[in-house]
Amino acid sequence: MCSLRLGEKRQKRMFERSSGLLVPSRNSTPNYLKLSTDMWAGDVIKMVEINCGPTAADDCHDKVASTHLKVVAIAVILSTSALGVLIPFFGRRSRLFRTDGNPFMVVKAFAAGVILATAFVHMLPAAHRVLSNPCLPEDPWGKFAWAGFITMLAALGTLVMDSAATEFYMNRPEHHHGHHHDSAKIEDSEHKNDVEKQPSCAVITHPHTHEDVNDDGHFTNIRHVVVAQVFEFGIVAHSIIIGITVGVSNSPCTIKPLFAALTFHQFFEGFALGGCVAQAEFSNLSTLIMGIFFAITTPLGIGTGMGALATYNPNSAKALIIQGVFDSISGGILVYMALVDLIAADFLSKRMRSSRRLQIASFVALFCGAGCMSLVGIWA
C-alpha cells in the first residue's frame, strides 16, 4: 500500500514538473510565478523603451542653442538653394555654365549622384524606419513593407504623370498649329555652335529632315518643361518634411548634421533643377518663381516646425504616418527622376557616347556625388 501511494506521488510530482507548475525545492519560486513575473517585467521594459509621448529624454537637449541653429539654417539653406538653382539660368550664356557645355554636364552628373543617394540612403531608410515605428498600430503597419510599396507606386505614378503631361502638351491645339516656326527658331539658334548638341533632361532625338527637326525640337522642349515641373514637385514634397523635422527638434546634436547635409544636398539638387528649368526655356518670370519656390520650401518647413514645436508630437501615429508616406513618395519620385530623366538622358546620349573624356569625367562625377551624399548619411 505504501509503495503504491509512493508511486502515485512520484507520478504526480513528475506530471507537475513537466507541466511547469512545481519545482522540487521548497525554497525556490514556483515556475508559474516566475513566468508571470517575467511577462510583467517584459511589459514594463517595453513600456519604458517605447516612448510615444511628445517629449523624450535627450542628453543634448538645448532649446536656446537649437533656436539659434535653426535661424542660421534658414538663412544658409535659403541662400545655397537659391544659388544652386539660379547658377544654370544666369550662367547659361557664359562658356563655363552653358547648358550645352561639358562642364555643365559633369557638374550635373555629380548632382544626379547626390539626388540618387538622397533617395536610396536617406529617404527610403527613413521611411522604413518611421513606418515600422512601434508607436504605430501593428495592424496594418507592422504586417507589410509599406515603405517599399509606396515608393514603388510613387515611381510608377511619376512615370504615368510624366507620360500624361508630355501627351497633354503634345496634343494642345496651339502646338499643332504654331509650333513649327518656334521650333525652327530654337533649332537655328541652338545649332549655330554645335549641330550634334543633345538635351540633358529629355529623351534623345535624331533629326533628319527640316520638318523632323522642327518636330523633334518641339518634342524636346516639351520634355524639358515636363521634367522641370515633375522634378520640382518631387523636391518640394520631401523638402517640407525635412524642414519640419529640423524645426521640431530641440537637440543641437540632431540639427547640426542635418544642417550640413541639407546645405550640401539643396545646392546640388537646385543646380540639377535649375539646369532643367534653363533648358525648358521658361520666361524669366516663370524661372524666377520656380527658383524662389524651391529655395523657400525647406526654410518654410523649418519655420513651420518651430511654430508647431509646442504642440507637435513627432511620435504620434498621425505624424509618423504623414512623415513616412511623404518620405516614401519623395524617394520614389527622386529615384525615377535621377535614373530616367537625369542619368539615362545624359549618359545614353550621342554626345556622351562620342566623347570618351566627357564620358569618363561624368561617370567619375556621378559616383563621387553618390558617394559624398552617402557618406553624409553617417551623421545625418
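Cβ coordinates are placed from backbone N, Cα and C, and glycine is handled just like the others.
Listed by sequence, the residues of this chain that lie at least six past the ends of the transmembrane segment (71-91) yet keep a Cβ under 8 A from its Cβ atoms are 97-99, 104, 246, 255, 259, 262-263, 266-271, 273-275, 277-278, 287, 290-292, 294-299, 302-303. Look at TrEMBL and you will find 71-91 (among others) tagged as transmembrane segment.
As annotated by TrEMBL, transmembrane segment applies to 103-124 (among others).
Annotated transmembrane segment per TrEMBL: 144-165 (among others), in sequence order. For the transmembrane segment (144-165), the list of distant contacts is 124, 127-128, 130-132, 226-227, 229-230, 234, 324-325, 327-333, 335-337, 340-341: same-chain residues at least six beyond its ends, Cβ to Cβ under 8 Å.
Summarising the annotation, TrEMBL assigns transmembrane segment to 288-309 (among others).
Under the heading transmembrane segment, TrEMBL lists 329-348 (among others).
The transmembrane segment annotation in TrEMBL covers 360-379 (among others).
Only residues 6 or more beyond the boundaries of the transmembrane segment (329-348), in the same chain, are considered here, and those with a CB under 8 A from a CB of the stretch are 105, 108-109, 111-112, 115-116, 118-120, 123-124, 127, 150-159, 162, 199-204, 227, 230-231, 233-235, 237-238, 241, 272, 276, 359, 362-363, 366.
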